[in-house]
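Asks: Provided herewith is a single structure, encoded as structure tokens, for subsequent inquiry.
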Amino acid sequence: MVCCGPGRMLLGWAGLLVLAALCLLQVPGAQAAACEPVRIPLCKSLPWNMTKMPNHLHHSTQANAILAMEQFEGLLGTHCSPDLLFFLCAMYAPICTIDFQHEPIKPCKSVCERARQGCEPILIKYRHSWPESLACDELPVYDRGVCISPEAIVTADGADFPMDSSTGHCRGASSERCKCKPVRATQKTYFRNNYNYVIRAKVKEVKMKCHDVTAVVEVKEILKASLVNIPRDTVNLYTTSGCLCPPLTVNEEYVIMGYEDEERSRLLLVEGSIAEKWKDRLGKKVKRWDMKLRHLGLGKTDASDSTQNQKSGRNSNPRPARS
């Protein structure tokens, strides 16, 4: 190929530019970059494994994106928003599919706004502001353009069997039934289990798959919170099995006590959690119990707290945000 060979050194700058353009058109590798595996460590837990460079921040390689994302490690360590990691990875390692190879898919505006709402107060505390490069205004709205959000991604964890709402098990998948051991809300239980969160919430929906059960609740009041940010909004409570324990009924209001998955910024509803029908009297009791627990400095609950940390994979030493 003449144009890509050594060539003659007597060409002017204009000739060189034309020559370079012709070369690029003839070299297959010069076409739009194809999808490539995600190699950014922070983003490997996300529900996509292919990305495309340059990303939305104009980084030409993932190596550059890795260096740029390091500035957010401290902020991610505060768990200020369950949407922050998803949003950052959607910007720094955008999802790439066969249908959308020409241009990376952007995160939805609502995802950015939720992340900013949860984390900007911490940035301000350390005399920083939300980065202009991550501005939400220019991002697409879900129903008006192509964008991604955590709610829009469906994972294929196996067959989707119908659920018998009266018994709480799958039909056709297994004969094994869910047996939930009831846990009563008492001061002794509250001290022993040392729950990460306590909320007053109304159950909006229970999404049931045989291997994936999620309760969607509307948070009315936050009685206790730990590392995972809890918005006064609709949130998901995740299980770690195919059973909803404790059981919940749609449209009922409960006081819910549970744990958190710190690494994935999720609230958990697992065996040992409590869900009792809401009563003002019970809410007042919980507040008194929590005050006593704080006054005792966790006292005798340290050992049980350590055990629960190991069970739920929580880290009791969050990293502060970088100043």
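Count begins at 1; order follows the chain as displayed.
Glycine is no exception: its Cβ is also placed from the backbone N, Cα and C atoms.
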Asks: Pick out which of CYS43, CYS80, CYS147, CYS170 Swiss-Prot lists as the disulfide partner of CYS108.
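Replies: Of the listed candidates, Swiss-Prot names CYS147 as the partner.
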Asks: In whole Å, how far is CYS119 (disulfide bond) from CYS89 (disulfide bond) when you measure between their Cα atoms?
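Replies: Cα to Cα, CYS89 (disulfide bond) and CYS119 (disulfide bond) are separated by 16 Å.
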Asks: Using the alpha carbons only, what distance in Å do you get between CYS147 (disulfide bond) and CYS35 (disulfide bond) once rounded?
Replies: 17
Asks: Count up the helix, strand and coil residues in the domain 'NTR' (178-298) according to DSSP, in that order.
Replies: 23 helix, 47 strand, 51 coil
Asks: Run through CYS43, CYS96, CYS108, CYS136 for me and report the disulfide-bonded residues whose CA is within 10 Å of the CA of CYS119 (disulfide bond), in sequence order.
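Replies: Among CYS43, CYS96, CYS108, CYS136, not one has a Cα sitting within 10 Å of that of CYS119 (disulfide bond).
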Asks: When you measure from the Cβ of CYS108 (disulfide bond), how many other Cβ atoms are you left with inside 10 Å?
Replies: 26
Asks: I'd like to confirm something. Which of the disulfide-bonded residues, CYS35, CYS108, CYS112, has a Cα closest to the Cα of CYS80 (disulfide bond)?
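Replies: Checked the disulfide-bonded residues CYS35, CYS108, CYS112; minimum Cα distance to CYS80 (disulfide bond) goes to CYS112.
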Asks: Measuring Cα to Cα, how many angstrom lie between CYS136 (disulfide bond) and CYS108 (disulfide bond)?
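Replies: Per the Cα atoms, CYS136 (disulfide bond) and CYS108 (disulfide bond) stand 9 Å apart.
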